[in-house]
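Asks: The following feature annotations were taken from Swiss-Prot:
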| type | residues | note |
| --- | --- | --- |
| DOMAIN | 1-61 | domain 'TGS' |
| REGION | 242-532 | region 'Catalytic' |
| BINDING | CYS333, HIS384, HIS509 | Zn(2+) binding site |
Amino acid sequence: MFEVKLKDGSAKEFDGEISLLDVCKSISEGLARDCVGAVVDGKIMGLMETIDSDCEVQFVKFDDDEGKQVFWHTSSHLMAYAIQRLYPGTKFAIGPSIDSGFYYDLDTDHKFVPEDLEKIEAEMKKIVKENPKLVRVEISRKEALERFKNEGQDYKVDLIENFDEDATITLYEMGDFVDLCRGPHLLDVKNIKAFKLLSIAGAYWRGDENNKMLQRIYGISFPKKKLLDEYLDRMEEAKKRDHRKIGKEMGLFSIQEEGPGFPFFHPNGMVVLNELEKFLKEQLLERGYGQIKTPLILNEHLWHQSGHWDHYKENMYFTKIDGEDYAIKPMNCPGSILVYKDELHSYRELPIKVAELGQVHRHELSGALHGLFRVRTFVQDDAHVFCLPEQIEEEVSKTIDFCDYIYSKFGFKYEVELSTRPEDSMGSDEDWDLAISSLKNALEHKGLPYKINEGDGAFYGPKIDFHLEDAIGRTWQCGTIQLDFQMPERFDMTYIASDGSKKRPAMIHRAILGSEERFMGILIEHYAGKFPLWLSPVQVEILPISDKFNDYAYELQQKMKARGLRVKVDDRSEKIGLKIRESQLKKVNYSLIIGQNEIDNNEVSVRKRDIGDVGSKNTDEFINELVDEYQNRK
């Protein structure tokens, strides 16, 4: 007899081994129809799997994140089965679920083109009608190697060879398709009612550019067609908002062949970045941070001491100076630590808060680069708080408030995630337990709901991550608050305690925007290029109705520039209707039409972006309104 505790606090007892499906049915047949999997003691499992001892079980539906993982993982196998039928001899690499759907990496002589995706979808529909059951099979490593060698599945063999000799290997069968897979999966495919194969890309085996380039097919699936239609509508809207397209149209930035992954910011783009930094610097000053600047290149021994050499070397760039090895910094924290250590500190000074808008470089594979979202160099809005252990919770709470203030200025809602200890970590169990409980306490005292993301913390400590929701419902991980007891130990950081002894400070790493470049890309898509006045590269465009009013238009421009506004004049000999339309296409916040009537009455005829004609206004009063809107970041 064993006990199963359920999410609602109730419990059920069972005599012997039982499938999760049968546990679900014992609660409700309706629940069993809707469920796609279960979380058992924190681990996602398929309904076909069994339990035989005391545990906590939460059944999940497609709407749950864990449910989507199961649904999309099975959809990946469904696609692979269709490909096996259509293109015999295909070698299958890996096919996981991802944040938005699934993919499978494939090795085949057939070069996939977009037209093939429709053919594969049609075959997937046939398989769904056949509704083959998924069967979970456990075999020995030796049997698995023999099976996949005989089938010529070299990539599966490569994966299996990395398992221990005595490992039990899990396979999943779907009709004639058999895959090496830990699961979990759906019971069958009948509920995969709507799907779309989205794109074809290239991917190196194991992400190593020295290995063979494979073909990757991405897809998405849902239990209802309505959900697929809504998703495709959002995708279409996302295409219109693509920051690479808008960035080019608005003259914000470019990526040149001479520097893949290294963005070039144009004058309009620098306006946006400068306004972002100005906003941040004002808030840093108000909240008691000092600003620092540390070198881009630092001696290799620093990165050994910090642990980055052991945990991050593959993402770093290196150089030699005077015969010694140096690294281009991938993170700002070691520099901040050296600044702290340059002076002796008393407990009375703590907390000490230092911020750096520091440029970092991180190696990314060329195939992973994507506009401003994935680059090789970026400015990180880092700050480090050195404090007493008893100050941790208060300082984390203040940092949460700081993040909330910044995000609300852009209209972002957000969700919070607490990431715990990864396998590749530094430090004792006691340090990690204290760090995690400190972050939990801060979140709970703020009343913020949060999810636990097991094993996704930094190698030196747990972290709180902020996931922002943009205007079309996509989420972006931006801000992070990380607690670190390891760096103070490694760098022998101290302060003088009240009793005169030397003690270790706690260290909080935090970033709010994260990468400035990535955050700018998010803002471009969030606003679809229609920035609020304070961020707009061109806030006002003056449109004289004929050439004879150009001189007055330039006088007005100078008057507005003197008040700090960004203003352009369209002095072309074109019809005013054309000028208005083109001004709207340029996403200018305000277009001012100037003619004799406006000059005689000291007025401007105002058109506001997305609203249109808002009538005539007194010129001086309108300028005052704009200055107020700009300075107060409305």
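Cβ coordinates are placed from backbone N, Cα and C, and glycine is handled just like the others.
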Asks: Within 10 Å of the Cβ of CYS333 (Zn(2+) binding site), how many other Cβ atoms can be counted across all chains shown?
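Replies: For CYS333 (Zn(2+) binding site), the 10 Å Cβ neighbour count is 23.
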Asks: So what's the average pLDDT for the region 'Catalytic' (242-532)?
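Replies: The average pLDDT of the model in the region 'Catalytic' (242-532) works out to 94.
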Asks: In the three-state scheme derived from DSSP, which category covers HIS509 (Zn(2+) binding site)?
Replies: strand
Asks: Go ahead and report the DSSP secondary structure tallies for the domain 'TGS' (1-61): helix first, then strand, then coil.
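Replies: Its residues fall into 14 helix, 26 strand, 21 coil.
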Asks: Among all protein chains shown, how many Cβ atoms are found within 10 Å of the Cβ of HIS509 (Zn(2+) binding site), not counting that one?
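Replies: A 10 Å sphere around the Cβ of HIS509 (Zn(2+) binding site) contains 23 other Cβ atoms.
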Asks: May I have the list of same-chain residues other than CYS333, HIS384, HIS509 whose Cβ is within 8 Å of the Cβ centroid of the recorded Zn(2+) site, in sequence order?
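Replies: Sorted by sequence, the hits are MET331, ASN332, SER336, ILE337, ASP382, ALA383, GLN482, ASP484, MET487, MET507, ILE508, ARG510.
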Asks: Same chain only, sequence gap of 6 or more: which residues have a CB within under 8 Å of the CB of HIS384 (Zn(2+) binding site)?
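Replies: Listed in sequence order, they are CYS333, SER336, ILE337, TYR340, LYS353, VAL354, ALA355, MET507, ILE508, HIS509, ARG510.
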